[in-house]
Amino acid sequence: MMPGPHLLLVVVAVCLIKTASGFANGKVSLSCGDMTPRHGHDSSSKPAPYNITLDKHTFSPGDRITVTLRVVPTSGSIHFKGFLIEARDAGNPDGPAVGSFSLLNPSESQLLHCDHTQGSAVSHTSKSKKTEIQAVWEAPKTPPSGVQFMATVVQKYKVYWVQIPGPVVSLNGATGVPPPNPTPTTTTTAAVTATLSALTRPFSSEGCGRSKSCLRDPVGCDPGRDPLCFFLSFTPEERTVLFELSGPADGYLSFALSLDKWMGNDDVYLCVRDGDSVDINAAYVSGRAHPEFASENVLSDTAWQLADGVIQCRFRRDILLPRQIESRFSLDQSYFLFIAHGRAEDGVIYRHDRQPLISTHQTVITGLPENLAGSRSPLLIKFHGVFMLVAWMTTVTTGVIIARYFKHDWPETRLFGRRLWFQVHRALMTLTVLLTCVGFSLPFIYRGGWSRHAGSHPYLGCTVMALSFIQPIMALLRPATDSSRYNLNLPTVIFVAIFLGIQQQALLLPGPWSTGVLAGCVVWGVLVDLLLEFHSKVVIVTGWFLLIYSGKSF
């Protein structure tokens, strides 16, 4: 059965859904120890415009104290987006958190599991602007003689204060309570950006393949002339390699060195726009997680340029690094190259907008200069899309039309001893199942398993695959070709899966008109079905009139 108008509404609604992801959800248990955000920048050296207040100054085991983190009243329109509050032994402020918290603002705060204790810290739930937050701290059964409250506060990604000291509360009856710790005792993450300078001239493709290796998209483009050119070059020198990266991007531009064609466990280098400047950072991606900025400065001679929406950055990196610097790859080895770009806000990067450009083969960074080729759309995924579209937009719809409307037009025409319409219908449906099986297996071959980042499309695809096997089994159990039959109503699931499929980055289909073209095909199929249905009704009515007119009856 062809899809009806209700399906089009479902498809349109699904296609309008957009996924969003961010990294400001406050699940920062990794920072419980030193309370330092993994932002790749130093804590601000300016006085913190925030303070911590308590409703009690002494306590007994099990007592509850209300803790308030707020903007200093004289700070004007200052706010904060992120925070982490802990209570520490005042005599050992570098030790683990003590006691546990409960929430007063559950929409803006959440409990964290630190040092094997649930609720031993409080953090934000979103990056919404805040001026005050409260929580209730409960003293443990065996508390220290003095407890000091501390807070790390993030005003924006690059501006934050680590371990802002708060008041010390004393255990009733205790003596020798340590004084408040006026300054944080832990050290902050070292800066990962070197001194930056402005590029004196834009990059050029001159020398690609002769004096330097280049990866470009489109193939053969020149970043000095084409503002839409994505460009990566690297030039080996004595002990270093000079990298140049250029491309149109609103927030950030990056490239990665990878041992395979999958994002994850890669050596990454980012050029992140922050207002009218660009930060150049080294990072490491573990799995499909957010990049972790390097704590050591491994880049030198950094320079950048912003012009007409194009980010360009240049830097040098040593070919070999000390062993104690983890997550940095040696540049005398062979790697796949990735180029990705996406949105950034206040220095925070988000998931790339398009499928990354991936080199077709591995190359040795310090090897001979060459012009590298790359692709944003894997060939196996393209064939997956082709097989599925041919199967469910062509062969299956044609087979349904043959069975529904040509059964009575070819009543006695036979092929290999069976009625022609049935033979054509069966051949088309068998071809549909075969194309579906091949197309279904290709993403698993490409991914080497299940994709957790393709949304609901894989689940719908598995449903379609299962129903594709059930349908022919039901056909084998039917008694005769002219008997009453029950068909699985597949179009709704199929077309929703197709519409979700064309949104996948790996297909690299031009949007949004690709969605419109597919919608047009669906509408065309509905119209054809309606016209044939109308035609069949007219033929039946006309036959009745002819029979009545000639004085005959059935």
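From the backbone N, Cα and C atoms, a Cβ is placed for every residue, glycine too.
Annotations in TrEMBL come from automatic prediction, not curation.
As annotated by TrEMBL, domain 'Reelin' applies to 13-185.
The predicted model assigns the domain 'DOMON' (226-342) a mean pLDDT of 89. Summarising the annotation, TrEMBL assigns domain 'DOMON' to 226-342.
Here TrEMBL flags 346-554 as domain 'Cytochrome b561'.
Annotated transmembrane segment per TrEMBL: 385-406 (among others), in sequence order.
If you look up TrEMBL, you'll see 427-446 (among others) marked as transmembrane segment.
Taken from TrEMBL, the feature transmembrane segment covers 458-476 (among others). Distant neighbours of the transmembrane segment (458-476): 392, 426, 429-430, 432-433, 436-437, 440, 443, 450-451, 486-488, 490, 493-494, 496-497, 500-501; these residues of the same chain sit at least 6 beyond its ends, with a Cβ under 8 Å from one of its Cβ atoms.
The transmembrane segment annotation in TrEMBL covers 488-507 (among others).
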Spatial neighbours of the transmembrane segment (427-446) far in sequence, C-beta under 8 Å, 6+ residues away: 378, 380-381, 383-388, 390-392, 395-396, 398-399, 402, 458, 461, 464-465, 468-469, 471-472, 475
